[in-house]
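Engineer: Here it is: the structure, laid out below.
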Amino acid sequence: MQFSSSSITSFTWTVLITVGCLMLCASFSDAQLTPTFYDTSCPTVTNIVRDTIVNELRSDPRIAGSILRLHFHDCFVNGCDASILLDNTTSFRTEKDALGNANSARGFPVIDRMKAAVERACPRTVSCADMLTIAAQQSVTLAGGPSWKVPLGRRDSLQAFLDLANANLPAPFFTLPQLKANFKNVGLDRPSDLVALSGAHTFGKNQCRFIMDRLYNFSNTGLPDPTLNTTYLQTLRGQCPRNGNQSVLVDFDLRTPLVFDNKYYVNLKEQKGLIQSDQELFSSPNATDTIPLVRAYADGTQTFFNAFVEAMNRMGNITPTTGTQGQIRLNCRVVNSNSLLHDVVDIVDFVSSM
C-alpha cells in the first residue's frame, strides 16, 4: 500500500495531537522538581546564566539584588512560573504594573539576553521560570552568599496575574502580623521562611519614596518611626530630604551594601532596618517568634545561609507549573505564538524524556 506525502503528514499530526491529548488527560502535572532536570538536555545552563550575570555586574553592581527580587516577586504570584516577565497583551495586564513592581522591578533586559544565550545552546528546552530560579541562586552566590543546587522542572505560565500580584506582594509598610499573613497565604507558614527570606535585603537598594513616612510622618503622627535608630534617622534624612527626589536610591544594608551576608540582621538589632517591614521582625510587639531568629542569624552567618537556602527551596516549590502544564517560552516576555504546535511538541519531548 502506498501513502501520499499529505496523508503521512496528516497521520503524523493526528498521532502528535492524540499523544498530546492522552498526555494531558494522564496529567503529569505533579512531576517533582529535581536539581538534575537539565543534566542531559542542557548541562551548560547554569554556566550560561552565571556568565550572563557576571558580564552584567561589570556595568550594573545592583543587578544581583534585582534578579533575586524578580524571582521572589514571581514566586509570590501563582508560584514560580515566570509570569512576572510577561509584557502587556490584549488578553491580560502585565505584573510589571503591580504596585510592588511598577517603577521598581528591574533587570528585564538582562533576562532577555540570558534567555537568548540559553536558547542558542539548548533550543526549546529551559523554561524562563527555571532560568530565573537559577539566576536568583547564582546572584546570591556571586555576591558572597551560599551556593546550592536548585530544584528544577518548572514550566512557564500562559498569562500574567496583575490583580493577584497586587494582592500577594508584601508592601514595605507592612506590620509583622500583615507579613506573617502574607507569607502564610502562599504556603510559607514558618517564622524562618519570613525571617530568612527577608535577609535578601542584605544587598540591593530601595527608593526614598518607600521610607518617607518612616522619616517624617509615621502613622500620620508628624513624627519619625520610633523604632528607627536616631543616628540612622539623620543619615537617611540627609539622603532623602523632605522635599527631595523620592526616586533617589538608598542601600538596604548600610554596612556591606553589595555583599550577601548576615549584616542585615545585625542592622535590625541596632534598629537600623531601612524599611518598616524589615524592622518589624525585631521591634514589633508581635515579634516573639522572629526575634530569636534575627539574633541567631546575626550571630552566625552559616546559620543564616542554611535557613535561607531552605526557605528559597520552599518558596521555589510554591504550586509549581510542571509536566504538561504551561509551556517553555522562547521569549520570556511573550507567550509562544502557535502555542498549540509548541505545546504538542513539548509534550512529545516530555514523553520521550521519561
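Just so it is clear, glycine is given a Cβ too, placed from its N, Cα and C backbone atoms.
Keep in mind that this is a model prediction, so the values were computed, not measured.
Swiss-Prot lists D74, V77, G79, D81, S83 with the feature Ca(2+) 1 binding site. Under the heading Ca(2+) 2 binding site, Swiss-Prot lists T202, D253, T256, D261. Taken from Swiss-Prot, the feature N-linked glycosylation site applies to N88, N217, N229, N245, N286. Summarising the annotation, Swiss-Prot assigns pyrrolidone carboxylic acid to Q32 and lists similarity to another entry as the type of evidence. Summarising the annotation, Swiss-Prot assigns site 'Transition state stabilizer' to R69.
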Engineer: Among the recorded positions listed here, Q32, T202, T256, N286, which has the most company in the form of other Cβ atoms within 10 Å of its Cβ?
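Structural biologist: Max Cβ neighbours within 10 Å, all protein chains included: T202.
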Engineer: Using D253 (Ca(2+) 2 binding site) as the reference point, find which of the recorded positions R69, N217, N286 has the shortest Cα-to-Cα distance to it.
Structural biologist: R69
Engineer: Just jot down the residues in the same chain as R69 (site 'Transition state stabilizer'), at least 6 apart in sequence, with C-beta under 8 A of its C-beta; none if empty.
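Structural biologist: For R69 (site 'Transition state stabilizer'), the qualifying residues are A105, A200, G204.
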Engineer: Are there any residues in the same chain, six or more apart in sequence, whose C-beta is under 8 angstroms from the C-beta of G79 (Ca(2+) 1 binding site), and if so which?
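Structural biologist: Sequence-distant Cβ neighbours: I318, T319, P320, T321.
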Engineer: List the Cα distance (Å, whole number) between V77 (Ca(2+) 1 binding site) and D261 (Ca(2+) 2 binding site).
Structural biologist: 27
Engineer: If H, G and I count as helix, E and B as strand, and all else as coil, what does DSSP give for N245 (N-linked glycosylation site)?
Structural biologist: coil
Engineer: Given the recorded Ca(2+) 1 site (D74, V77, G79, D81, S83), which additional residues of the same chain have their Cβ within 8 Å of the Cβ centre, ordered by sequence?
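Structural biologist: Checked against the 8 Å cutoff, the neighbours are C75, F76, N78, C80, A82, I84, E95, A129, S157, F161.
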Engineer: Suppose we draw a 10 Å sphere around the Cβ of D261 (Ca(2+) 2 binding site). How many other Cβ atoms does it contain, all chains included?
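Structural biologist: D261 (Ca(2+) 2 binding site): 19 neighbouring Cβ atoms within 10 Å.
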Engineer: Where does the residue listed as 'pyrrolidone carboxylic acid' sit by DSSP, helix, strand or coil?
Structural biologist: coil
